[in-house]
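According to TrEMBL, the feature domain 'Amino acid permease/ SLC12A' maps to 67-267. Per TrEMBL, the feature domain 'SLC12A transporter C-terminal' maps to 276-422, 604-803. If you look up TrEMBL, you'll see 12-30, 77-101, 127-144, 156-174, 186-204, 210-226, 526-548 marked as transmembrane segment.
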Amino acid sequence: VMELVSIWGPLIYAGCFAATLSSAIASLVGAPRVLQALAKDRLYPGIFVFSIGYGANNDPVNGYCLVMELVSIWGPLIYAGCFAATLSSAIASLVGAPRVLQALAKDRLYPGIFVFSIGYGANNDPVNGYCLVFVLSLACIMIGDLNAVSTLLSNFFLASYCLINFSCFHASLIKSPGWRPSFKYYNLWVSLFGGLLCLVVMFLIDYRTALVTFLVTIGLYLFVSYRKPDANWGSSTQSASYVSALKATLTLQTVDDHIKNYRPQVLVMTGRPSSRPPLLDFANLITKNLSMLVCGEVSKVSRPSVMRSAYANKCNDWLIEKKYKAFYNLVVANSLDEGAASLFQLAGLGKLKPNIVLLGFKSDWNVCSKDELSAYLNTLHAALTMQLSLGILRLAKGTDYSNVIAEDSSNSLDEVADQNAREASDASRKEFEALIEQFKTTASNADDGVSITAEELASQKDKINRHIRLRELLKENSRAANLIIMTLPMPRKGHVSASLYMAWLEYISRDMPPFLFIRGNQQSVLTFYMILSMIGAALTMQLSLGILRLAKGTDYSNVIAEDSSNSLDEVADQNAREDGISKGGSKKRKFSFSDAYTGPGGVKLPRDVLDGITTFKRKQDKGTIDVWWLYDDGGLTLLLPNILITRAKWSSCKLRIFALANRRDELDMEQRSMANLLHKFRIDYSDVIVIPDAMRKASDASRKEFEALIEKFKTSASNADDGVSITAEELASQKDKINRHIRLRELLKENSRAANLIIMTLPMPRKGHVSAALYMAWLEYISRDMPPFLFIRGNQQSVLTFYM
């Protein structure tokens, strides 16, 4: 008896008390005299434990399940109480368990249970769940020995209570602002203690079933973690992730930078991330989930915060879908250089800030406006002024594929705003004029609601241009769509005649795919006058409104017989055959880049375009990465190619290091010194080549070629201060550098035409000394008709060390 009292009784009682405390609190909050009711509810079972231990002999108690009847005043009263308690618990389980199962099924956490998510009636009752619980309960009863499953059921209950208590403890521990328990005397340590007691009692009841319960719970958790369902529960784990990230970022602030721990953190100026896949892929090769990658975009149009947030979310979703471990930053500014300067300062957090800026080469520098060219050079100046390393990537076919691939076949918000404001073409305006010609009237006071007056045309001039322009945009972008959905223009009563309004709808949707006009419930003239009246009535009654137009109309009542269409089953079978799907499953197609990148309307892209987009996604053939280390910039020019050859797609390539010799008679010594230096830096290279005659005068043919490149930018004015034009004084002062860069072009043609990638130290664009046109001409001339070319310049801080 003393053993029962001293060990099993208090432990089981304490465990049951802790297990039910959290669920009891939830239902008792707000009830009168909460503490008294809770104390009494827990006190009586405790008294029973001790009274049985002292009031019954040892022999009847051991293994005897009816001991309560022995110590009671009247035995049938015990049976009545047990029956009432069982009935109450059974009803609670029968009602509660199917609801929990329904919630699990709705979230599609586990396969094969979605049928239990279906609800019936006004209360969405889980009838299928009720049936399942009834069958399970009946199966357990039909065993004839409830004690055979009692330990397992008790362990399952205790496991759920343990998890509830631990969840409360975890939410309190991480101090989530959303966790605000209303129970006055709640304490996180009580929750932890209750959870641990539940776990102890599980093993005291039966360690075998406790282990089974433990393994089942862990298995269910790991299964959900592996599947990563598309559900957001606002769990405490999400809060813990935030707290951990915050603490790690703050801790990183106290860590001093060291050359051995240098990581390239790249801000890549992609615009929309989907616009420049090769540029993003190259940056991703450098970071490869091991350091920070940020995609930056500068917008010149201020947008409402809701639209801006939705656009940013769309870009982030694209990055996640394409499996880029990257962030996206959007800045609104008046010009590229202003926005880029803001990005350089604000991107990142603490020590997690970009230290390298990567841009695409501006291929249209010689045809764009002077403001654009100046803004591009100012962007380079801003990066270098802020002590950021700078990279410029040039590919033979460019890096911008925004008008080619399907993800970007739709215009950005900036482009849509610009195009809407643009005037419609004369041909389109004449086409629309012909459409409304028969409804025009010279009477200025026509009030039939149908005729179109000159006054109306004048007042609706901007809207007419807008709708004609919309037609042009639709023809450019949506002719191959399966369905077009557009916001319905507002038919403002008394402002727009029926003829003009219907002409808008006619012109916009004529010769288009199936077309749906739709408008939400805001506010609002013969046969089509009645149609407009219905539209106005619907909007007046605060109803959402849709108008569907198909090329051949929607009314087939005089064409088809009542049953000439296929049944739903036949249509489903036909669709399955067309899609390559059978009832036995689906055909799995092997991944290809032509599936990942398609043109507008889903058309396949030409092979050469696809190869350009996937330049840095494909496995590289055996070849070389030629590194032209022209200046000491801290070692970044060497570090980046060394990182690239560690990636699987570039592992077949070898490094060739090119350097310039100061004197021809010291060529061998400089080559040995360079090899020794690379060996100390642990740079895995295949060859070191020292160029002795880099400063030799370039050939006349090369000089003439460069002169032709800059001819249009020359000016005779000696005081030109636009920052773009090239003066005679500038050419004279930069004579040696011009010769040097022309000579570099000749050396590149001799040595690196067959390389897989060329990396060269970026010439310094000294502000106030070199015009934008001359600087861009240097970069253009050096990298023209070359393999993929990266200009890179470090910020003079060492990123390589001799030490491990």
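Just so it is clear, glycine is given a Cβ too, placed from its N, Cα and C backbone atoms.
At the 8 Å Cβ threshold, with sequence separation of at least 6, the transmembrane segment (156-174) comes into contact with the transmembrane segment (210-226) through 3 or more pairs. Confidence for the domain 'Amino acid permease/ SLC12A' (67-267), expressed as mean pLDDT, is 82.
When Cβ-Cβ distances under 8 Å to the transmembrane segment (127-144) are tallied for each of 77-101, 186-204, 210-226, the top count falls to 77-101.
Same-chain neighbours of the transmembrane segment (210-226): 109-110, 152, 155-156, 159, 163, 202-203, counting only residues six or more beyond its ends whose CB sits under 8 Å from a CB of the stretch. Sequence-distant contacts of the transmembrane segment (77-101) (same chain, at least 6 residues past either end, Cβ-Cβ under 8 Å): 68-69, 113, 116, 126, 128-130, 132-134, 137. Across the domain 'SLC12A transporter C-terminal' (276-422), DSSP assigns 67 helix, 26 strand, 54 coil.
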